[in-house]
Amino acid sequence: MKQAFNQRISSALNQRKQAGLNRSRRVVSQGNQATLVVDGKSYLNFSGNDYLGLASSKELMEAWQEGLSLYGSGSGASPLVTGYSKPHANLESQLAEWLGLDCAILFNSGFSANQAVLFSLLEKGDTLLQDKLNHASLMEAGMLSPAVMKRFKHNDVDHLKSLLKRSSDEPTLVVTEGVFSMDGDLSPLADIAKLTKENDAWLMVDDAHGCGVLGTNGKGCCDVYSITPDILIVTFGKGFGLSGAAVLCNQECGDYLSQFARHHVYSTAMPPAQAHALSHALLMIQQQEWRRDKLKELNQQFESELMNFLGAEKTPTPIKPIIIGEATDAMILADSLKERGLWTTAIRPPTVPVGSARIRVTLSANHSSADISALTQAINELG
């Protein structure tokens, strides 16, 4: 019987290798900066999610060091035992006030926050409607939940409308991302919010890639479209330059999650020093508009310099997909760019649909205009 696991593991690995879809981890130095180092060689880094450049900010590092001196290294327990401290409470109240919802509940990752909501909220007889391109954390939780999950075509409001009409008699939760991580496009949140309200459904928005980057003072996609969802997910590994996540909702829903969301109840709380640093990151996001202004300038430059490159998608975000098609071709381009000192990542199935393998370029406020030109010139020449 023990051999069955070995055979299963070996077979899965071999299939992925034969399909050219095997992925590997690379040990990097300074991976949170505009330049990273791998095996002693420097590369311009166009693969991270540190959009505002906070991850390497000395100001933010000093805030975390201050938190360490005040609160020590770890929280020591789960939130409902003794792991919930003043920095956690402060961060939650600051997030709720900033984003205009009653309360916030902290989680250790966006993946766990998404799964916690779906696993704790949905019951048998409920309907879950998800955008087809939602994150793996949402899709996995939906498939494993007792609810009936249906997927609507990407950003297709008419398809969602038809699904809502069919599920009008059941409690229904509609889930979409604010910014889609592989395409860099925005969800039509105003239309979706209107539909959910008309059909007495709840709306959940995962704004992992929008919060901090878009909207007034970085409030994210919901601010862009002037909506307030029933549940809002924000994560701290992108615009905030750190890690972790929060679920924002009304007070009663927050009380419910603090009792029944197992990812929250049974996980050690994030270090209080981290929560302290996140409060400072929030202040930087609110006050340092120059970071978003610079991103806009770099975005315009990137799209202008690749305007004639087939497959370069225009987006209103720092996520710039370059659609190649076949996975092997995407890998070849990524490797060729690395030879020129440009670190990009080839995104292949199953992360994206078959036939849509791509180079996923991400921009950061830490990049310079010269960095962008180096990348676009290489892409134009190699493509």
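Each Cβ is built from the backbone N, Cα and C atoms, and glycine gets one as well.
Counting every protein chain shown, the Cβ of Arg23 (substrate binding site) has 9 other Cβ atoms within 10 Å. Annotation source Swiss-Prot lists substrate binding site at Arg23, His135, Thr351.
The pyridoxal 5'-phosphate binding site annotation in Swiss-Prot covers Gly110, Phe111, Ser181, His209, Thr235 and rests on sequence analysis. The Cβ of Phe111 (pyridoxal 5'-phosphate binding site) lies under 8 Å from the Cβ of Ser137, each of these being in the same chain and 6 or more residues away along the sequence. In the three-state DSSP scheme, Phe111 (pyridoxal 5'-phosphate binding site) falls into the helix class.
The N6-(pyridoxal phosphate)lysine annotation in Swiss-Prot covers Lys238. In sequence order, Asn49, Asp50, Tyr51, Ala208, His209, Cys211, Gly212, Val213 are the residues of the chain that are 6 or more apart from Lys238 (N6-(pyridoxal phosphate)lysine) and have a CB within less than 8 Å of its CB.
Within 8 Å of the Cβ centroid of the pyridoxal 5'-phosphate site, not counting the listed residues Gly110, Phe111, Ser181, His209, Thr235, the chain contributes Asn114, His135, Ser137, Asp206, Ala208, Ile233, Gly237, Lys238, Ala245.
The DSSP secondary structure for Thr235 (pyridoxal 5'-phosphate binding site) is strand. Of the recorded residues, His135 (substrate binding site) and Thr235 (pyridoxal 5'-phosphate binding site) place their C-alpha atoms 13 Å from one another.
Ranked by Cα separation from Thr351 (substrate binding site), the binding-site residues Gly110, Ser181, Thr235 are led by Ser181.
All protein chains shown were included, and the count of other CB atoms within 10 Å of the CB of Thr351 (substrate binding site) stands at 15. For Arg23 (substrate binding site), the nearest neighbour among the listed binding-site residues (Gly110, Ser181, Thr235), judged by C-alpha distance, is Ser181.
Note on the binding-site residues Ser181, Thr235: the fewest other CB atoms within 10 A surround the CB of Ser181.
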